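One structure is given here, and the rest of the page talks about it.
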Amino acid sequence: MSTQKHYTGLIERYRDRLPVSASTRIISLNEGNTPMIQLQNIPRLIGKDVEIYVKFEGLNPTGSFKDRGMTMAVTKAVEEGSQAIICASTGNTSAAAAAYAARAGIKAFVLIPEGKIAQGKLAQTLMYGAEIIQINGNFDKGMSLVKEIADHAPVTIVNSINPFRLDGQKTAAFEIVDDLGFAPDYHCLPVGNAGNISAYWKGYTEYAVSRVCSTRPVMCGYQAAGAAPFVAGHMIDEPETIATAIRIGHPQSWDFAWAAQKESGGWFDKFTDEQILAAQKMLSQYEGIFCEPASATSLAGALQDIGSGKIPEGSKIVCTLTGNGLKDPDTAISQCAAAHPVTIEASLDAVKRAILDCL
Ligand SMILES: *Cc1c(COP(=O)(O)O)cnc(C)c1O
């Protein structure tokens, strides 16, 4: 680890474990180093003796864990002389690709599914100046187009099929072990394209091989009920969920994710949109942590499996909160009754009455 005080991103911090050389120009926005927050109120509420930590990846520079993969993918694309990158995206990959391309001074093309990308993600992608190509098809269709186009145009794919993406993302596992001093017993993640669960497993495994940690966690992959190919055991053609970041039916890291599940003794499960949104709201209202809907799937899963005893008391659990709640204000506002407050008279009396009525 570098001795300089100013944090300059995960590649600098973990450069001895990443495929960069001394002459590599690093494209970074100081991503990584995200907080591990121990939940205080929810364990008490459910009456279970467990330590639950959330790794709040929503506090990365563009508001999701995709920045970890993108700093590596864009660094390597630039090193290889690429002038343009391309990805299919449910929103967060496009925001990250657009930001890191801007930082590098290259062009970003993003294929997004029409009408299925959250407001905040669209705003970011527009502001960072990417070329947006909206298609009348879902993420899986966009992904298959991106895989074909790379043979026809000089663009580097920065979806998680780009192996440098997983290398960047594995650093989240390093941070967790460096932070706790050991690996957790269970690691809970939302699963969409399945790159992240594969990357965490890679990270934990590398640290275990180097004896930085003596154990690896059980990996728990949680999906949305309408987009749960790992639970079904086969690809799904028309995935549907309000958690648009995991609205994926044909995950690209299929084999890696199954390996993570099998080698770790873990499992996959699925949750309805209602369960996902309830977990998102619970985390906001009881802990003050606002993540996006897809991210809350990790907590929905952890709470169910703690409740049933599948994750036993005494366990240390990490849930990755993959993205920031501000990404998707529409979904948040639509589930809050107080989103359309009644207007009262601007007088001391009226405000006093409003407060006393609530206490
Ligand atoms: C990309 C993303 C996921 C899914 O990660 P995969 O690596 O595709 O499984 C989950 N949540 C959020 C917020 C994401 O942006």
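Keep in mind that glycine also has a Cβ here, set from the backbone N, Cα and C atoms.
Owing to the predicted nature of the structure, the values given are computational and were not obtained by experimental measurement.
Copied over from TrEMBL:
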type    : residues                                              : note
BINDING : Asn92, Gly192, Asn193, Ala194, Gly195, Asn196, Thr322 : pyridoxal 5'-phosphate binding site
DOMAIN  : 27-323                                                : domain 'Tryptophan synthase beta chain-like PALP'
MOD_RES : Lys66                                                 : N6-(pyridoxal phosphate)lysine
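Structural mapping of features recorded in TrEMBL.
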residue : record                              : CB count, 10 Å
Lys66   : N6-(pyridoxal phosphate)lysine      : 34
Asn92   : pyridoxal 5'-phosphate binding site : 33
Gly192  : pyridoxal 5'-phosphate binding site : 32
Asn193  : pyridoxal 5'-phosphate binding site : 25
Ala194  : pyridoxal 5'-phosphate binding site : 27
Gly195  : pyridoxal 5'-phosphate binding site : 25
Asn196  : pyridoxal 5'-phosphate binding site : 28
Thr322  : pyridoxal 5'-phosphate binding site : 29
Residue pair Gly195 (pyridoxal 5'-phosphate binding site), Lys66 (N6-(pyridoxal phosphate)lysine) - Cα distance, angstrom, rounded: 10
List the other residues in this chain whose Cβ sits within 8 Å of the Cβ centroid of the pyridoxal 5'-phosphate site residues Asn92, Gly192, Asn193, Ala194, Gly195, Asn196, Thr322, in sequence order. Phe65, Ser160, Pro190, Val191, Ile197, Ala245, Ile246, Ile248
How far apart, in Å, are the two Cα atoms that lie farthest from each other among Asn92, Gly192, Asn193, Ala194, Gly195, Asn196, Thr322, the residues recorded as binding pyridoxal 5'-phosphate? 14
How big is the Cα-to-Cα gap, in Å, between Thr322 (pyridoxal 5'-phosphate binding site) and Lys66 (N6-(pyridoxal phosphate)lysine)? 8
Lys66 (N6-(pyridoxal phosphate)lysine) and Asn196 (pyridoxal 5'-phosphate binding site), Cα-Cα, nearest whole angstrom: 9
Listed binding-site residues are Gly192, Asn193, Ala194; which of them have CA atoms within 10 A of the CA of Lys66 (N6-(pyridoxal phosphate)lysine)? none
